[in-house]
Amino acid sequence: MSTAVSTSTTGGSGERTAVAARARKVVKAFGTGDTRVVALDEVDVDIERGQFTAIMGPSGSGKSTLMHCLAGLDTVTSGQIWLDETEITTLKDKKLTRLRRDRVGFIFQAFNLIPTLDALENITLPMAIAGRKPDREWLDRIVATVGLADRLHHRPAQLSGGQQQRVAVARALASRPEIIFGDEPTGNLDSRAGAEVLGFLRQSVDELGRTIVMVTHDPIAASYADRVLFLADGRIVDEMADPTTDKVIERMRTLSVEDTSRTEAAGSEQ
Amino acid sequence: MTILRTSMRNFVAHKGRMILSAVAVMLSVAFVCGTLVFSDTMSATFDRLFRTTAADVSVAAKEQRGAQQNGQRTAQQQNVPASLLDTVKNVEGVASAHGTVSTETATLVDGEGRSIGPTGGAPTIVGAWGPSARKQFDVVSGHAPRGPGDLVVDADTADKKHLETGDRVKVIAVPGTFTARISGIAEFRTTNPGAALAFLDAGSAQKRLLGKGDVYSSLNVTVADGVADRTVKKRVVAAIGDDYQVQTKGESVESAGEQIGSFLDFLKYVMLGFAGLSVLVGIFLIVNTFSMLVAQRTREIGLLRAIGADRRQMNRSVLIEATMLGVVGSVLGVGAGIGLAVGLMEFMGTVGMKLDTSELTVKATTPLAGLALGVVVTVVAAYLPARRASKVSPMAALRDAGMPADRRAGRVRALVGLLLAAAGGAALAATVAAGKVSEGWGYLVAGIVLTLVGCVVVGPALAGLVVRVLGAVVLRVFGPVGRMAERNTLRNPRRTGATAAALMIGLALVAGLSVVGSSLVASVGDELDRSVGADFVVRSDKPVPEAERAVKSVGSLKHVTDMKMVNVKLTAPDGGTETTALTATDPTYTEDVRQKTLSGSLADAYGPDAMSVRKSYAVRHGIEVGDRMTVEFLGGRTAKLRVAAVTADDSSMGTGATYVALGTVERYLDADRLPPNVITFAKAKDGEADAAYAAVKRKLEQYPQYMVRNQADYKQELEDQIGQLLNMVYGLLGLAIVVAVLGVVNTLALSVVERTREIGLLRAIGLSRRQLRRMIRLEAVVIALFGALLGLGLGMGWGATAQDLLALEGVRVLEIPWPTLVWVFCGSAFVGLVAALVPAFRAGRMNVLAAIATE
């Protein structure tokens with residue numbers, strides 16, 4: 001199975017599609033000839049609106065590549081990706097940049113903030129770049145949600161790792177993007193700070209109606225999601241709704257076993 | 001050994017980051033080596049020339065001491081009687097002797113009335129075609145001069161001025177003007193750097209150039225084989241007495257070399273000034289590069305320290321890298337320097353000085369000096385960063401961030417800088433308060449050095465302030481991009497300070513010199529308006545009596561005042577003696593130039609056997625009006641002259657001149673000893689100024705070596721002269737800016753590399769390429785404007801102080817060239833934009849994902 005496609009493209013509300021992002025037959029290959037490595041192998045995927053989706057898989061499975069391609073950070077070798085109704089695979093850098101600025105939010109594993117700007121400036125940066133005024137009410141709500149009200153004028157160096165990631169979450173939410181991508185957003189945090197950040201992500205889906213896609217290798221983090229996609233060797237091999245930590249650990253274990261066996265099988269064929 | 005290997009690998013790995021520093025080292029070394037090669041080649045060329053032209057032993061009239069003062073001739077050319085030749089011929093050891101004729105006082109004019117002399121300051125030499133000339137020249141077309149009316153010119157001049165055999169040439173000589181036909185063209189056997197040469201037959205040369213048939217300008221002796229030049233010289237002196245100057249070949253070459261030496265030295269110092277400036281500016285660039293390399297490598301250094309490398313080794317590893325950079329930069333610099341020398345020689349060719357690039361002289365010491373300079377400068381500049389590297393603690397390996405900023409040190413540094421700047425300011429204030437130029441000069445230099453060093457030291461602290469102000473004024477317009485640019489500039493004030501300091505130095509020099517220059521122009525203009533009463537000024541570097549008579553024949557002139565400089569030995573009543581030049585003029589001079597007189601009256605000083613002295617001389621020797629001075633006219637008789645006036649020193653016209661009437665001079669100096677005019681003033685009859693100006697110009701048309709200026713033209717000429725000097729200053733500025741731009745490029749390029757992840761993040765969250773490039777450009781502009789502000793401010797302070805000091809010498813008007821300064825300020829912003837081109841382009845091209853993933 002290389003697909004994680006829902007059947008309907010329109011949601012219950014009827015106004016907008018129920019799918020925030022979709023990928024069709026996406027191939028991403030690095031290098032050519034003998035050194036060619038296929039990171040994504042004809043992947044089809046739908047990201048449902050208003051849901052928290054986690055992408056999991058062993059190292060080298062292509063999970064980060066998939067996220068980068070969905071987010072318009074990376075180009076694809078072939079195939080198509082839509083963000084809402086916009087096909088982003090044909091966009092040039094200029095439009096892609098604007099799309100990231102206006103319609104996508106990012107949370108990276110580390111180094112999320114510009115060290116010269118304080119927390120509030122970092123949160124409002126995408127809007128400042130776009131030359132838009134932030135929505136004061138919305139901003140206050142987000143700041144209150146992530147609990148940073150008294151830290152707004154601190155520089156990143158004066159914040160703890162957990163606080164920094166919370167600022168990053170607030171920034172990702174602040175411009176009300178259609179979709180937020182997180183690349184192991186809790187990868188650098190201890191379990192308590194990680195739980196805090198994941199809690200905010202969950203909250204922003206439940207209470208603020210956001211769409212979040214998160215790459216992780218942590219089963220606990222994945223358990224906060226509504227749905228988990230499993231990748232191996234550049235293909236989507238499984239998906240799981242309403243995951244729990246144990247279920248995810250179980251699935252991951254079998255995945256690595258399959259993985260190993262397949263590699264061995266491939267080895268014996270030669 | 002391992003440390004050495006790490007250094008080597010680091011050097012190779014970061015060669016991209018070293019390129020600009022290497023270029024800075026290269027430029028400095030290139031200027032030094034270029035200067036050395038160029039001046040060595042010039043010296044060698046002239047040496048060869050003088051060696052071929054000088055006779056074994058030569059006999060000439062004793063040159064009066066100080067025959068040239070500030071390029072003005074203060075004595076008439078003296079000759080040797082022809083009768084002396086027989087005496088010399090009979091001296092034992094003389095194989096042969098002949099008389100030569102040669103003068104630099106004649107002007108050659110082509111058929112269209114233009115001078116065919118060289119324009120670059122080299123002489124025009126007209127002489128007799130004799131054994132000496134035959135030894136140096138080959139006639140390549142036509143024939144040698146055979147009789148009156150024949151003339152041979154040198155091939156270079158013929159080529160430059162498009163002369164051919166058969167062309168008519170007018171020779172304006174002191175005894176009179178005559179016309180000759182080019183009978184042949186002769187080529188020098190060695191490289192002739194630029195003099196124009198022409199030859200007549202021996203008889204005509206004596207009569208028409210020297211004015212008498214029985215004199216020579218010098219006697220050239222060829223010494224018999226096996227006899228030393230020195231021995232023959234002694235015997236010649238014994239035979240003819242010591243009224244003549246007798247020189248061996250060695251002495252002639254040496255004294256000729258000394259004359260050309262001052263010109264060479266001037267060139268050499270100008271170029272070494274360029275080199276010094278680029279070294280100074282380059283140091284900042286190198287300091288920045290190594291600081292950034294050390295900062296980037298903090299974790300690596302920490303790791304090495306953690307596994308047991310000691311501080312000294314870390315220090316050494318950075319210095320080893322610096323040495324390698326120095327060596328690479330210097331080697332390139334030596335090569336570039338030789339190229340520069342060749343380029344300079346070609347350039348000199350276009351302005352009329354011929355040098356043969358195949359005779360390039362590279363002494364062994366030149367590359368050594370270049371290499372030593374480059375390596376020493378680089379290592380010294382890298383010393384501070386190296387010390388910082390040695391201070392990295394092993395803990396740094398574990399920390400994520402770079403070195404913590406040492407805030408206390410920053411404050412101490414700011415304090416030290418402020419103290420230095422304050423001391424400099426005090427020195428400048430002392431300059432203003434100084435009563436004498438000689439006294440204030442030391443304060444001025446101290447003030448300049450201290451304020452400069454102070455500003456460099458306080459720079460980082462000042463950067464915070466100035467950049468915030470600039471940010472509020474300029475950057476706010478650009479919204480968040482501007483804000484980020486501002487913060488980035490402030491992120492490392494030390495780096496910003498050092499980068500801006502490089503620009504500051506150059507701009508400060510230029511601002512200071514242009515303030516002094518324009519104050520000079522304004523003061524001279526002001527002085528001219530106030531004190532010059534003459535309508536016209538007539539000048540020539542080769543005056544002839546004929547032309548002076550022509551000026552005097554103009555009917556619409558009220559009077560004409562001749563001015564000559566006369567060499568004298570002054571003895572004051574208190575016994576103090578001094579060899580100097582008197583300014584001898586007609587009494588009408590008092591109408592032409594109004595001089596401030598402190599006591600007595602200048603009109604009285606023009607009476608018979610009277611003179612004036614300047615204030616400083618009067619004070620030094622306790623002279624008052626009515627005292628008697630003993631004046632020995634060199635080459636003439638001694639007079640007792642009465643002091644009838646004391647003149648003021650602080651005038652830019654005729655500063656410190658000692659005046660005497662021409663009539664008085666004529667009584668003690670024979671007519672053939674009287675020097676030519678230095679300058680001639682003329683005043684028109686009332687209401688006939690325009691007509692008189694036109695008439696004088698018309699009269700002098702046939703003497704192209706003469707220049708006539710009315711007040712407006714004269715002012716313009718002075719302005720042009722100072723303008724030319726300022727152009728040289730702007731050349732210096734150009735070089736300083738090139739190196740400073742390299743510094744800005746270097747800083748930006750390295751900080752872009754340093755901020756790769758940040759840039760990746762910004763791009764990921766939607767900063768467009770254009771915005772990113774704009775951010776980096778704004779950073780560059782802010783750094784440049786900061787440097788410009790500091791530099792121009794500093795330079796204006798220096799310039800104003802210098803003017804205040806020079807007011808004692810007549811530069812009374814302070815003129816700040818605002819348009820120039822505003823242009824330079826705006827130009828600096830442009831310079832910033834240019835410097836940001838490549839770093840901004842590279843930052844824009846970064847792959848977003850790769851940038852984010854960078855460790």
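Cβ atoms are placed via backbone N, Cα and C, with glycine included.
A TrEMBL annotation is a machine prediction, not a hand-curated record.
Residues or ranges marked as domain 'MacB-like periplasmic core' by TrEMBL: B:19-238, B:496-696. According to TrEMBL, the domain 'ABC3 transporter permease C-terminal' annotation covers B:274-394, B:732-847. The transmembrane segment annotation in TrEMBL covers B:269-295, B:318-344, B:364-386, B:412-433, B:445-478, B:499-522, B:728-753, B:778-800, B:820-841.
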Using DSSP, what's the helix, strand and coil tally for the domain 'ABC3 transporter permease C-terminal' (B:732-847)? 101 helix, 0 strand, 15 coil
Within this structure, do the transmembrane segment (B:412-433) and the transmembrane segment (B:728-753) have 3 or more Cβ pairs under 8 angstroms, counting pairs 6 or more apart in sequence? no
Grab the same-chain neighbours of the transmembrane segment (B:412-433) for me: Cβ-Cβ under 8 Å, and only residues 6 or more beyond its ends, written as numbers and ranges. 440, 443-444, 446-461, 797-798, 801-802, 804-805
Secondary structure content, the domain 'ABC3 transporter permease C-terminal' (B:274-394) (per DSSP, counts of residues): 102 helix, 0 strand, 19 coil
